[in-house]
Each structure stands twice: as C-alpha cells, then as structure tokens.
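Q: Let me begin by handing over the structure; questions about it come next.
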Amino acid sequence: MTDACSAQPITVRTEGPICLSCKMAATAPGAAPPAAAPPQSPTATPTAPAGSAPPAAAPTPPAAPAPPPAAPLSAALSGPFPGGRVVRLHPVVLASIVDSFERRNEGAARVIGTLLGTVDKHSVEVTNCFSVPHNESEDEVAVDMEFAKNMYELHKKVSPSEIILGWYATGHDITEHSVLIHEYYSREAHNPIHLTVDTSLQNSRMSIKAYVSAPMGVPGKTMGVMFTPLTVKYVYYDTERIGVDLIMKTCFSPNRVIGLSSDLQQVGSASARIQDTLTMVLQYAEDVLSGKVAADNTVGRFLMDLINQVPKISPEDFETMLNSNINDLLMVTYLANLTQSQIALNEKLLSL
C-alpha cells in the first residue's frame with residue numbers, strides 16, 4: 001500500500017530572523033532559551049606565522065595528539081536516495097506519533113520527534129521513533145537536543161541496527177521553524193527525511209507525507225529550502241498486522257471500542273481469511289486461463305513458489321495426523337479437568 005505525496009515541492013524561504021536553540025532553558029517558564037554555543041573548530045597543532053623563523057630556545061614539547069572526531073549519531077544517507085525515492089513506513093511509527101500528540105503539553109500546537117530505522121541500497125525503512133521536547137514562539141524555536149541524544153543512546157542498546165533517518169512533526173504545513181529543525185538533523189544524518197502527520201484530519205483523513213530537502217537560491221547565497229515529496233509505502237511485520245487488524249475492527253464499533261477475541265475466534269477468523277484468499281487466487285487463475293485477464297509472470301512465479309512450499313501429503317495421512325493431534329488435545333483437556341476437580345475436593349476437605 002502506497003501513499004504518494006503531492007506532486008508539487010514545497011519551498012520555504014529562510015531570510016527571517018528566526019533562530020534555533022539546541023537546548024531548552026532550565027529556568028522558570030517564560031524565560032528565553034539560552035543562546036546556541038558558537039561552533040568549535042577542530043583541534044589542530046598551532047603553526048608559526050608565514051615568514052618567521054622558529055625560536056632557538058629550548059625545544060617545544062610535542063603537541064598532544066588530537067582527539068578522534070566525534071562520530072555522528074547515525075550513518076549517512078549518502079548518495080542518491082535508495083529505493084527509488086520510496087519510504088517504507090511501519091504502523092508502530094504512526095501509533096507512536098499519534099500517542100505523543102495526544103499526550104502533548106497544554107498549549108502546544110504540534111509535537112516533533114526523531115525517526116529511526118534502517119537503510120540499504122534498496123530501501124529506507126522507518127521502524128521506530130521517539131518524541132523530542134521543544135518550545136516554539138513567533139521568532140524562536142528551542143529543541144532539547146540533549147534529550148534526543150540521550151534517548152538515541154538508550155535506544156541503541158536495545159536496537160543497535162536502527163539509525164537516525166530524520167524527524168517527524170504533526171500538522172500539514174512546513175514552516176520556517178521546520179527548516180531550522182531540519183538543518184540540525186542534517187548534521188546527524190545526511191539527506192534526512194521529514195515526515196508530516198496531519199493530526200487535524202483535514203479532508204476527513206490523516207494525511208501522511210515525507211520529504212527530503214535541497215537548498216535553493218543563487219550561487220554563493222542560499223535563499224530558501226525546497227522540500228521534495230517522497231512516496232510513502234506502508235509495510236508491517238506479522239506481529240504488527242495482528243494489531244492493525246484489531247484496530248480496524250473498531251471502525252465498525254459504535255463506541256470505537258472492541259474487546260479481545262478468544263483463541264478459537266482468532267483461529268476461525270484466520271481460517272476465513274485464508275479461505276477468501278484462496279478463492280480470490282483460484283478466480284484469478286481461472287480468469288488468466290480463460291483469457292479474461294492478461295498473464296503476469298511475476299504473479300505466476302509467486303504462486304508457484306507458494307505451491308512448492310505446501311508439504312506434499314496424502315489425504316489419508318493428513319486425516320490420521322489430525323485425529324492423533326485431536327486425541328492428544330482431548331487427553332490433555334481431560335487431565336486438566338481432573339486436576340481441577342481434585343484441587344476443589346482437597347479444598348473442601350481442608351475446610352471441614
């Protein structure tokens with residue numbers, strides 16, 4: 001399932017006086033965030049001015065070795081965007097974003113956070129995220145990046161393969177504040193992704209869009225940033241599919257609440273879905289054989305692989321194996337009921 005973003009890129013000019021603070025103020029509410037620290041130059045051995053002779057005094061002690069440069073928080077999304085400009089998004093990310101929006105501070109217009117996932121030469125997959133505290137005013141935005149770094153360090157202990165891919169924000173607009181935050185994430189991940197989730201439900205749907213940025217302007221002077229849309233494709237693991245199917249059932253419930261089903265009901269619903277899928281596959285095969293639908297080699301190879309995975313067993317052997325399993329299950333059920341009766345009888349004897 002895919003969701004293509006709007007075809008038109010979004011351009012934001014960056015000539016305003018808005019500034020970014022990388023740490024939130026630790027003073028009372030209403031105090032201005034601290035000014036960002038000036039960038040530090042890399043450590044280097046000092047050199048003498050050009051044309052001056054070295055001093056003839058005692059030899060200068062050897063300079064201390066320069067410390068190794070700090071590694072970025074994540075691997076870079078270097079080179080062309082992999083996967084044909086497609087972002088694979090998991091449902092747990094959307095659930096986390098909506099949950100952080102519901103738990104936002106009073107008066108906060110939106111929430112932002114860090115996107116985590118994996119990158120290879122074929123795809124970019126967003127599998128997790130966490131929210132980052134921030135404050136926004138008309139002329140300044142303060143983001144607690146120290147909190148973001150600590151959260152990422154803790155997350156690496158659980159999922160070391162996930163790296164920083166970009167950041168998300170609720171809402172449907174990209175503002176000048178977004179450009180400043182995106183610029184910071186560009187230091188942590190080259191070519192970061194910006195994901196927007198429209199929690200205001202404009203047009204009665206939650207619009208989900210992804211972008212990458214590119215500077216725009218005349219040579220030697222950047223006038224703005226252009227956000228180019230990407231295609232969002234929704235993917236899920238098997239465990240996530242169970243949760244998504246359960247959430248979808250609440251759409252047909254009057255009070256948007258549904259209880260958990262029993263194991264037998266889950267087996268029954270899964271069997272019904274398999275039966276429907278097999279019926280659809282058989283109908284497709286019959287339409288291809290009759291010429292109603294054009295043959296697709298990719299679908300044919302997929303169906304052939306699926307058939308080869310089914311174990312070859314005769315109906316008689318399958319029936320014998322099934323009956324054996326049923327007998328074992330009935331015996332376990334009988335022993336469990338017998339044990340429960342013995343426990344109840346023992347409790348009554350002790351109470352006499």
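Every residue gets a Cβ built from N, Cα and C, even glycine.
Bear in mind that the values here come from a model prediction, so they are computed numbers and not experimental data.
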Q: According to TrEMBL, which of these ranges is region 'Disordered': 29-71, 115-157?
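A: Per TrEMBL, the stretch marked region 'Disordered' is 29-71.
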Q: Could you give me the DSSP helix, strand and coil counts for the domain 'MPN' (87-217)?
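A: So the counts come to 42 helix, 50 strand, 39 coil.
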